[in-house]
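Can you read through this structure? Questions will come right after.
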Amino acid sequence: MNIHFLGTSSGNPSKYRNVSATAVQFERYKTWLLVDCGDGTQQKILQAGLPLYHLNAIFITHTHGDHCFGLPGLLSSVSIAGRKLPLLLLAPQSVIDFVLHALRLTEVELGFELQLKAWEPLLESAQALQLEQCRVTLHPLQHRTASVAFKISESHVPIRVFSAKLRQQGIPRGPHLALLQQGLDAAYAGQTLLASDYSYLCWRPRQVVIAGDNENPNLLKSACAKVDVLVHEATFISADLQRITKATGHSCAKRIAEFAERLGIPHLVLFHFSARYHGRGMLAPLESEAKTYYHGQLTLADDGLSLHIEKQFAVTESKKTRHP
């Protein structure tokens, strides 16, 4: 499982960071999905080597422009890349309206079916969304406008049977074996072979939570159960956030670090940094504050950073491009 950070700035782009966009890719599938799509995301996708043709879903966390202004251009480019299969856009209804108006006014005709789904009904009903490569649940956050986090859980992990156990019990090969390999109970010689006793997942499904803008990390307590990685904003350090008199709807590094430490989250990734911290060495106060309150694996994401979550849950980092 790979997480590609395409844009890690809040509000506006800078020389060092673009606005919000994060891609998720599973090794067993050519397809990949995108969480948020700020202006300029297309260029970052090209730099990351992600094929537009295989983009099969886009999730938008909330309506603010730094998370969605790149959508019309990206969809047009996906069409030019030759995609014919449907592409899902899961977004607030207002973002869907924005995309439809932009495509109509610029006379763009897509060469694929754009499947539009507003996330408000899904959020109210607590329904999960099943894609080819993963299962997605939505979790409400607290921001100046309605905002959500997406919990992305790996689907279709291969199943193996305990062959030695079957041999020891004198159970030969047969149709029952095929059922067990699908994770299903099977009948054999008048008894029921429970899949839980005779089969197992090759690895525990990997799970990541990618949160939109949010000032209250505690809202993610249930979503973060058994999660491998939490990706969350840290727009400010606590001292700077306290100096801002108006409500920002954002978190500081201390707030999210304390939450991750309390829940024992193994890997915390911070992003969505205010432009006041962009540039060489300027993230040091954020990193220092987070490390004071969180003692797990900590990453401050740069544009171009890729995280690979191994099946044995070792998380490795790589960088396609260098940034100050």
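Every residue gets a Cβ built from N, Cα and C, even glycine.
Annotations in TrEMBL come from automatic prediction, not curation.
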Going by TrEMBL, His62, His64, Asp213 bind Zn(2+) 1; tell me which of His4, His143, His156, His278 is listed for that site too.
His143
For the Zn(2+) 2 site that TrEMBL assigns to Asp66, His67, Asp213, which of the candidates His139, His267, His272 is also assigned?
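For Zn(2+) 2, TrEMBL names Asp66, His67, Asp213; of His139, His267, His272, the listed one is His272.
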Looking only at DSSP and grouping its letters into three states, which state does His64 (Zn(2+) 1 binding site) belong to?
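In three-state terms, His64 (Zn(2+) 1 binding site) counts as coil.
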Determine which residues of the same chain, besides Asp66, His67, Asp213, His272, have their CB within 8 A of the center of the CB atoms at the recorded Zn(2+) 2 site, and list them by sequence.
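What remains near the Cβ centre is Ser10, Gly11, Val19, Ser20, Asp36, Gly38, Thr61, His62, His64, Gly212, Glu233.
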